[in-house]
Amino acid sequence: MKLAVIGTGYVGLVSGVCFSELGNDVICVDKISSKISMLNGGEVPIYEPGLKQLIAHNKEEGRLSFTTDLTEAVRNSDIVVIAVGTPSMSNGQANLSYIMEAAKEIGQALNGFKIIVTKSTVPVGTNEKIRDIIAEHSMYPFEIASVPEFLREGTAIEDTLHPDRIIIGAATEIVKETLIELHSPLTNNIMITDIRSAEMIKYASNAFLATKISFINEIANICEKVGADVTQVARGMGYDKRIGHSFLKAGIGYGGSCFPKDTQALVQIAGQMDYDFKLLKSVIEVNHDQRFNIIRKLEAILKELSGRTIAVWGLAFKPETDDIRDAPALEIISSLLSKGARVKAYDPIASKNFSNVLQHECLEYCNNVREAAENADALCILTEWNEFREISPDLIQSWLKLPNLIDGRNLYSEEELKGTQLIYYSVGRPNMNNGIKEQSPILSI
Ligand code: UDX
């Protein structure tokens with residue numbers, strides 16, 4: 001099949017490349033000419049393991065190309081995929097201006113029957129607006145469909161080529177049949193539904209996963225008070241098939257380009273229909289507050305943060321990405337700086353992106369773990385990079401001025417900490433706190 005993919009962000013680029021890997025002819029389009037030049041020159045604007053090689057392979061096979069010319073791309077395709085961004089506006093609502101602009105340009109470019117598929121995350125009812133705009137600008141027949149994307153950064157290719165399910169929201173047989181044929185090499189688990197339900201499935205899925213994270217983070221906070229271990233609790237809960245083990249890792253809260261944006265947007269969508277989505281509002285609030293546990297723990301050990309040097313390992317919102325959008329590290333480091341601390345930060349690949357948005361005279365970006373930790377009053381681990389796991393607590397202690405480690409991602413096991421003199425705080429594992437004076441209160445029944 002011949003595809004034009006509009007937008008070369010995470011969703012557009014990875015989907016386009018994976019569709020070409022399946023043997024389709026794909027033209028990826030972006031308005032930003034520097035991105036297209038990079039892609040044509042063999043460079044990739046985002047960090048995603050395996051993507052560069054897959055792009056090179058499919059370009060070589062002649063199935064994949066990049067252009068700024070949307071009209072030409074649309075005219076040479078049977079299926080047009082909209083994968084432009086839907087960033088949050090200040091009130092949390094999704095900004096649909098890129099979507100509407102793309103719909104207008106697609107309408108103007110049509111030269112015959114095509115199927116227009118939306119992969120961007122859009123509020124319920126948006127595909128119908130897309131249809132209206134295209135119809136306004138085109139004399140040719142077309143059909144629309146909603147096929148939401150569930151890929152995760154860092155495992156985007158694997159997620160796209162081996163998805164748990166494909167959701168196709170479509171109204172006519174021709175669209176259903178064509179899109180089943182396009183996606184059937186990926187999985188047998190294809191669900192056909194109506195367009196509005198497909199749009200809602202994406203928001204509901206992200207909101208549910210975010211809810212699991214905030215839930216386990218609150219359980220972790222209670223574990224710290226009652227003397228239980230949240231990793232054991234999550235493990236025990238996960239054996240129940242109805243609950244499952246995934247997305248029950250306690251930490252410093254979720255970040256990234258999807259969960260924060262989509263949870264806010266769903267609260268707005270509900271609000272516009274006069275529905276107060278209380279549960280999701282609490283999920284967002286819990287997530288925001290969880291970040292500051294790092295600061296509270298630092299203050300419990302150091303009392304005053306002013307004049308202290310705090311090392312931070314991990315700036316990306318999760319490992320295997322250089323994405324810092326809504327990364328908990330942004331607010332945590334800003335808070336440390338506002339309290340008068342000096343911060344020495346290190347991330348294997350996200351420092352450049354981070355320094356583009358956060359510069360401060362008391363914030364130093366370091367070249368390696370040791371440089372960041374050396375002579376610091378405490379070390380905070382904010383992202384669970386494997387590189388950090390390999391460094392022993394004893395080595396960390398030898399680098400630090402004061403032996404304080406705040407582990408926001410529960411990187412170290414009890415075994416690894418045995419014998420260390422580090423004062424160690426993790427998340428929801430009070431029994432492993434080492435050197436902390438207060439005892440957890442014992443509850444009487
Ligand atoms: C997410 C969804 O998983 C994906 O389906 C959707 O298409 C886009 O949003 P992504 O943002 O790439 O993907 O990352 P994900 O691996 O889901 O993690 C999101 C955040 O949740 C990260 O900050 C991560 O650290 C946090 N998280 C995840 C936890 O704190 N605990 C967990 O158990 C899982």
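For all residues, glycine too, the Cβ spot is worked out from N, Cα and C.
Unlike curated entries, TrEMBL annotations are predicted automatically.
As given in TrEMBL:
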ACT_SITE  Cys258  active site, nucleophile
BINDING   Asp30, Lys35, Thr86, Thr121, Glu153, Lys261, Arg325  NAD(+) binding site
BINDING   Phe150, Leu151, Arg152, Glu153, Lys202, Phe247, Leu248, Lys249, Ala250, Gly251, Gly255, Lys318  substrate binding site
DOMAIN    311-414  domain 'UDP-glucose/GDP-mannose dehydrogenase C-terminal'
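Neighbour density for Thr86 (NAD(+) binding site): within 10 A of its CB lie 21 other CB atoms from the protein chains shown.
Less than 6 Å separates the Cβ from ligand 1 in the case of Phe150, drawn from the binding-site residues Asp30, Phe150, Lys202, Ala250 in sequence order. Lys202 (substrate binding site) and Thr121 (NAD(+) binding site) are 7 Å apart (CA-CA, integer value).
Recorded residues Asp30 (NAD(+) binding site) and Gly255 (substrate binding site) have their alpha carbons 26 Å apart, per Cα-Cα distance.
Cβ neighbour count within 10 Å across all protein chains ranks Lys261 highest among the binding-site residues Arg152, Lys261, Arg325. Considering only the binding-site residues Arg152, Leu248, Ala250, the residue whose Cα is spatially closest to the Cα of Lys261 (NAD(+) binding site) is Arg152.
On a Cα basis, Thr86 (NAD(+) binding site) lies 15 Å away from Phe150 (substrate binding site). Taking every protein chain shown into account, Leu248, Ala250, Cys258 are the recorded positions, and of these the Cβ with the most other Cβ atoms within 10 Å belongs to Ala250.
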